[in-house]
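What Swiss-Prot annotates here:
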ACT_SITE  Cys142  active site, acyl-thioester intermediate
ACT_SITE  His235  active site, proton acceptor
ACT_SITE  Glu237  active site
BINDING   Lys163, Ser192, Arg249  substrate binding site
SITE      Gly111  site 'Important for acyl-CoA specificity'
SITE      Ser192  site 'Important for substrate specificity'
Amino acid sequence: MPICIPDELPAVNFLQNENVFVMTSTRANIQNIRPLKVLLLNLMPKKIETENQFLRLLSNTPLQVDIQLLRIDNRKCRNTPAEHLNNFYCDFEQIKHQNFDGLIVTGAPLGLVEFEDVAYWKQIERIISWAKEHVTSTLFICWAVQAALNILYGLPKFTREVKLSGVYYHSTLNPLALLTRGFDESFFAPHSRYADFPEQVVREHTDLDILSSSEDAGVYLLASKDKRMVFVTGHPEYDAGTLASEYLRDLAAGLAPKIPINYFPDNNPERKPLASWRSHGHLLFSNWLNYYVYQITPYDLTYMNPTLD
């Protein structure tokens, strides 16, 4: 959250030059505060586990956030009780006339499935199109990034021959970017995907800012210049044991997966992994909520005209 100081205080310019968010008294006196409405479109099979992961990150901020869980359709889910879905999730038809401050679209285990073969592809297209008019800022995770880049920018699907799995070093590329404010110059983040995001293709075919990348994992963090769209190609929400669970699952299925990179101590799957990305994940979501949602969303959501002014 910002600090509030007098407009004329010399520290205003000093702190702003250091990329510290300062709110002058003039702006603070006219600022209205209300809970933020955030929609979570959960595409993951283990929905309760995914809810817990994202809600943990969304809760680490002074802002009050009202969460609405959204499912893509009413088909049965093998990994989540129907009672849970019926009690806590809404369908798109129930909320399509509402506006929201934020939307999060989770990943999905669809890395080897062509877009046209995704059972709910039409629904994904519809929701992403709807979000442009009804949501201040949308955050896409992993597979959802690939889907959104195709829908919004026409980028084709790029697939790795070998699944990218592990915890990788990343670098921040713009020291003044609001989304990475407070980040270490290098940090860890987990990846678990077949999707590939060639940096040259992103630069040539979109106007997105690349805010963070990894020498081994590639592009990690992208954002539109108006802050309406954010793309995270990894999984900062993952628990310490999520990659281990995926590795053991694939091993049991006979897929001969590689041991996740830089994850198990001494590269030994028998040893308990530790989360080295937790602080980064919390800061990423805190920055998104503050700078990309709260600071630009209209007080009255009836009028969806997010602005930096």
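Using N, Cα and C of the backbone, Cβ positions are placed for all residues, glycine too.
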Residue with minimal Cβ packing [other Cβ atoms within 10 Å] among the binding-site residues Lys163, Arg249:
Arg249
For Lys163 (substrate binding site), what is the secondary structure state per DSSP, taken as helix, strand or coil?
strand
Counting distance between Cα atoms, which of the recorded positions Gly111, Cys142, His235, Glu237 is nearest Lys163 (substrate binding site)?
Gly111
To see if you understand the setup: which same-chain residues, six or more apart in sequence, place their Cβ under 8 Å from that of the residue listed as 'active site'?
Thr50, Gln53, Phe54, Arg56, Leu57, Ile141, Gly281
Give me the CA-CA distance between Gly111 (site 'Important for acyl-CoA specificity') and His235 (active site, proton acceptor), in Å, as a whole number.
14
Let me check the 10 A CB neighbour count of Ser192 (substrate binding site). How many other CB atoms are there?
20
Quick check: with Lys163, Ser192, Arg249 left out, which same-chain residues have Cβ atoms within 8 Å of the centroid of the substrate site Cβ atoms?
Ser165, Leu243, Glu246, Tyr247, Asp250, Pro257
Determine the most Cβ-crowded residue among the recorded positions Gly111, Cys142, His235, using a 10 Å radius around each Cβ and all protein chains in the structure.
Cys142
Please state how far apart, in Å and to a whole number, the two most distant Cα atoms are among Lys163, Ser192, Arg249, the recorded substrate-binding residues.
14
